[in-house]
Amino acid sequence: MSAKADIALIGLAVMGQNLVLNMNDKGFVVCAYNRTVEKVNQFLKNEAKGTNVIGATSLQDMVNKLKLPRKIMLLVKAGSAVDDFIQQLVPLLSPGDVIIDGGNSEYQDTARRCDELRAKKILYVGSGVSGGEEGARHGPSLMPGGHPEAWPLIQPIFQSICAKADKEPCCEWVGEGGAGHFVKMVHNGIEYGDMQLICEAYQIMKALGLSQAEMATEFEKWNSEELDSFLIEITRDILNYQDDRGYLLERIRDTAGQKGTGKWTAISALQYGVPVTLIGEAVFSRCLSALKDERVAASKQLKGPNVNAKVEDLPKFLNHIKHALYCSKIVSYAQGFMLMREAAKENNWNLNYGGIALMWRGGCIIRSVFLGNIKDAYTRNPQLSNLLLDDFFKKAIEVGQNSWRQVVANAFLWGIPVPALSTALSFYDGYRTEKLPANLLQAQRDYFGAHTYELLGAEGKFVHTNWTGTGGNVSASTYQA
């Protein structure tokens, strides 16, 4: 059989199948392969019946069916499975062929694979794929990075199958090495933050006595304003959903799962020294939710405030919640972009931040009108150091911050946990504070560990004080704090 496939895809779980069908719809001939060959046969007989998709019975068979330079996309479980397939593929490939990892790989693994395959003259791309099963079928957000020479080879396919926002593709080259998977990781972390903020708004509304129908109406209203987004939209739908037993939401166990990508973002923030506090709290909130049995026991023993959530003007307070959610969302994205900026500096990536915002405008879980405002901010000033300093976002927080403070303060007085809303406000106040109490912290470190400190006006010169008159004058070398 002559080589006629434009691209091969390995891994026929639902995401893989949907991407194959998406590529087929856009006029590309796809060769489908799965480690279990029977899955290929079933796919061709069922979901891919009547399409131009062709199957392969082995990796060699798949390679033989591909046009040169070959393009092979892996959609398999992150980790050793990716390395195993790469190891099997390399002997079958020619210099200049392209391997694309479309799974949720850790960006360090992608960077390592780029280095390893560069030496073997194979081009490698690590691409974030967002949008879930529906996005894969009808248009995902794609975030490719790796060997830049691979981009012209895969660009026609990627920009054809991806989502479009204002007729622009939600896919652009991100950067070298692990840049694509890093940006996807931050996207997932921001997703954690957005979801947690919405959950906190829901919990406050619930405490105020709103019915699910009333909450759904409020989310519907927000979705027609500045909070217009996929997650607000689906929250409305979830609140409205009823089965034969009534509203489903209240019967769902309040223990949240996680696949680890939010945790990776929080860990990266610590490694790069960037205060991505909201995503961190969103991850920890899921961890706390998992302690269901302990929380049930604690609810019977630990006392809180003896007041019920109550406001004089409910519509006005619901508007406060909307502003609090919006201001916190601005902080969350500002923190995410801070993390990407620092990682870009450390890894020599030339990231296009406005382009990244555009990539997230459609096809992905965090898609929202708000991302267009971020794109505009970086168009106005490509060197913008922080989104909070952009005129549009400054004005938005100026308008909403009194509401934000009202909501957080009342939640505290009512004993309602709002870790994401409150940490966002604390970050905002910390970021706008000229002088933080870290001078005392430095003095403490120097007192017990001789870690030294800098004096105002003498930056770069580190000094130590003998605070008790009994210690020495040398700085610490072993005790770190």
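Residue positions begin at 1 at the first shown residue.
Quick reminder: no glycine exception, Cβ is built from N, Cα and C everywhere.
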Completion exercise
Listed alongside G11, L12, A13, V14, M15, G16, N34, R35, T36, V76, K77, A78 for NADP(+) in Swiss-Prot, from N46, N52, N64, N104, is N104
Practice task
State which of the following binding-site residues has the fewest other Cβ atoms within 10 Å around its Cβ: A13, M15.
Solution key: A13
Handout entry: Cα-to-Cα gap, G131 (substrate binding site) vs G11 (NADP(+) binding site), nearest whole Å
Key = 17
Problem - Rounded distance in angstrom between the Cα atoms of E191 (active site, proton donor) and N34 (NADP(+) binding site) - result: 30
Exercise for the section: Go through K77, K184, R286, our recorded positions, and report the one whose Cβ sees the most other Cβ atoms within 10 Å. Expected result: K184
Problem - Fewest-neighbour residue among binding-site residues, criterion Cβ within 10 Å, set H187, H451 - result: H451
Handout entry: For N34 (NADP(+) binding site): intrachain residues, at least 6 apart, with Cβ closer than 8 Å
Key = I10, G11, L12, G16, V40, F43
Fill in the blank from the handout: Rounding to whole Å, the Cα atoms of H187 (substrate binding site) and N104 (NADP(+) binding site) are apart by 11
